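Asks: Have a look at this one before I ask anything.
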Amino acid sequence: MPGRKFADGEVVMGRWPGSVLYYEVQVASYDDVSHLYTVKYKDGTELALKESDIRSLSSFRHRKSQSSSSSPSRRSTSRSRSRSPGRPAKGRRRSSSQSREHKDDRKKTIQETNLALLVLGFVKLSENNTQSYNGEPDSTERNDTSCIILEQKSKPELDIQRVLEQYSLRPRKEEKKKEEIYSEKKIFETRKTVEKVTPKTKELEFGGRIGTFMMIFFLPATVFYLLLMCKQDDASLLNFPPPLPALESLWEARVFGVFLLWFFLQALFYLLPIGKVVEGLPLSNGRKLQYRINGFYAFILTAAVIGTLLYFQFELHYLYDHFMQFAVSAAVFSVALSIYLYIRSLKAPEEELAPGGNSGYFVYDFFTGHELNPRIGNFDLKYFCELRPGLIGWVVINLAMLLAEMKIHNQSMPSLSMILVNSFQLLYVVDALWNEEAILTTMDITHDGFGFMLAFGDLVWVPFVYSLQALYLVGHPTAISWPVAAAITILNCIGYYIFRSANSQKNNFRRNPADPKLAYLKFIPTATGKGLLVTGWWGFVRHPNYLGDIIMALAWSLPCGFNHILPYFYVIYFICLLVHREARDEHHCKQKYGLAWEKYCQRVPYRIFPYIY
């Protein structure tokens, strides 16, 4: 097995993917398995390069000294007989060795450019083949690529300068500013079309292997503890441990069958050919997956099904009576789904693995998710579970709790507190489904793999923990006055306005930065071709959408009163979750955007949690 050639910290010249350009980089690390070097550019961008794409500084300096008498641009016009200030006098001739080096140098430049164009041509053709599967490709784009390759093949010496200008394949010494090369749009389009191996995950979250192993057991235990406490007359957290039910009472085959029926009903709604089809953000290999946006239609169809069941006198509070059994069924199903996801990920291509779940450690990758976008045909498992079974199920559970409260307490109508909780959370779910396309730009879709963390979170944590306030009110009714209800409603509206407007600004800008409606927004350009907003909500504070989330979470809990802290568990959990997410986002953005992120932090110094990390 060959050893590594370059040491950590060594400054070398690295080839930019898809071009013949070399830039000064620093070796950060070396992967013994994939034999890839992780190098860091001066603007903070990190890439994984092969050893063949890296050269020492000395070789470039030696080459520069050899060719100092004639630049590539002058060599391409050497057939012209007109004198120029840079041309040597007639009596001064190069030696035979210099002439040979000159020809070799020129030949190598043409070969490297031809090779780069051929790679671009094949990649472009493969992209068109992919597009022809998903939709109609751009014929003009395909013809242009073929023409460029044919022209370059037939007359490379005459068109070499035009090709170099078209693809920005200029030597670095001809650039005025080093940072400008990273903002060239064509270079980054080329980078996106070159397939690369997903590097190993080196920075482990959640406490690494030990932390993730413990969370696999801690998360289900937390859910069951909260549900048991809500069933107690004294819901104090100090009342520990709560009376444990018999094990046989936690499982019922009929309940599990109802859960499976619910899951596959939502899968059927997902497969219906209604709603538009959109493309997600580009993956690491440049490919864009297609998604059908019909979550809101699925919600309407679900509401029609529930309404039909209620019309035929179906007792929906059956969910309340078997709530713990439904939670156990969902947990068992999520574990089985996680095992399936990990097994199938072992056969997935390297470029389809998740950047954050490719550590090589079984427990960690099982928890965080090894494969980024697992699909069965066109059925995207992660995207489906994000919004459908759990989020819509949350609304159905809240409705069941409302009906259970009326039946248990012999009420002709639900309490004002229960109405507020149901209304606030219904608004949140409907907003998520109405703006379903926005989830395609979140880290859950673009960065995180689909493993136990998301499977358990989507199918168990969301429907059974997020409905904690409604469950609490069934056993602990709380009366509030109309003025208090009005104040809580205003608070929720403020939180929702901040949440929705901040997310809309971000999502619209990511989708189409050139939209005339967003002309008022200012941004900092980055090396990735994206921009960092410095006006609007995102210029006021970093991650303003998190501020809206916290305000809404508080408004959901206030109708439960202050007798116990249990209804406020969601607020505490949400703050802890957002602290983790904000810290992760800060670290991720610093690595991704480099110097641009430092400029952004100077422009927007305020954070939601300024002293936590």
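Each Cβ is built from the backbone N, Cα and C atoms, and glycine gets one as well.
Caution: TrEMBL annotation is automatic and unverified by curators.
Pulled these features from TrEMBL for this protein:
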- 66-75: compositional bias 'Low complexity' (COMPBIAS)
- 76-95: compositional bias 'Basic residues' (COMPBIAS)
- 99-108: compositional bias 'Basic and acidic residues' (COMPBIAS)
- 4-62: domain 'Tudor' (DOMAIN)
- 56-108: region 'Disordered' (REGION)
- 210-229: transmembrane segment (TRANSMEM)
- 249-272: transmembrane segment (TRANSMEM)
- 293-312: transmembrane segment (TRANSMEM)
- 324-343: transmembrane segment (TRANSMEM)
- 454-474: transmembrane segment (TRANSMEM)
- 480-499: transmembrane segment (TRANSMEM)
- 520-541: transmembrane segment (TRANSMEM)
- 561-580: transmembrane segment (TRANSMEM)
Asks: Go through the chain and flag residues at least 6 beyond the ends of the transmembrane segment (520-541) whose CB is under 8 A from any CB in it; none is fine as an answer.
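Replies: For the transmembrane segment (520-541), the sequence-distant neighbours (Cβ-Cβ under 8 Å, at least 6 residues beyond its ends) are 41, 43-45, 179, 182-183, 185, 188, 498, 501-502, 505-506, 509-510, 513, 547, 592-594, 596-597, 599-600, 603-604, 606-608.
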Asks: Residue list, the transmembrane segment (324-343) vs rest of chain: Cβ under 8 Å, 6 or more residues beyond ends.
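Replies: Tertiary neighbours of the transmembrane segment (324-343) are 220, 223-224, 227-228, 245, 249-252, 255-256, 258-260, 263, 362, 365-366, 369-371, 374, 381, 450-452, 455-456, 458-460, 463-464.
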Asks: Determine which recorded stretch among 210-229, 249-272, 293-312 has the most C-beta pairs below 8 angstroms with the transmembrane segment (454-474).
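Replies: Counting Cβ pairs under 8 Å, the winner is 210-229.
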Asks: Where DSSP helix means H, G or I and strand means E or B, what are the helix, strand and coil counts for the domain 'Tudor' (4-62)?
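Replies: Split into helix, strand and coil, the domain 'Tudor' (4-62) gives 9 helix, 27 strand, 23 coil.
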Asks: For the transmembrane segment (210-229), which recorded stretch in the set 249-272, 293-312, 561-580 gives the largest number of Cβ pairs separated by under 8 Å?
Replies: 561-580
Asks: Using a Cβ cut-off under 8 Å, which residues of the same chain at least 6 positions beyond either end of the transmembrane segment (249-272) come close to it?
Replies: 292, 294, 297-298, 301-302, 305, 322, 324-326, 328-330, 332-333, 379, 384, 388-389, 392-393, 459
Asks: Using a Cβ-Cβ cut-off of under 8 Å, list the residues of the same chain that are 6+ residues beyond the ends of the transmembrane segment (293-312) and lie near it.
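Replies: For the transmembrane segment (293-312), the far contacts come to 265-266, 269-270, 272, 274-278, 387-388, 392, 395-396, 399, 429-430, 432-434, 436-437.
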Asks: Can you tell me the mean pLDDT for the domain 'Tudor' (4-62)?
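Replies: The answer is 81, the mean pLDDT of the model over that range.
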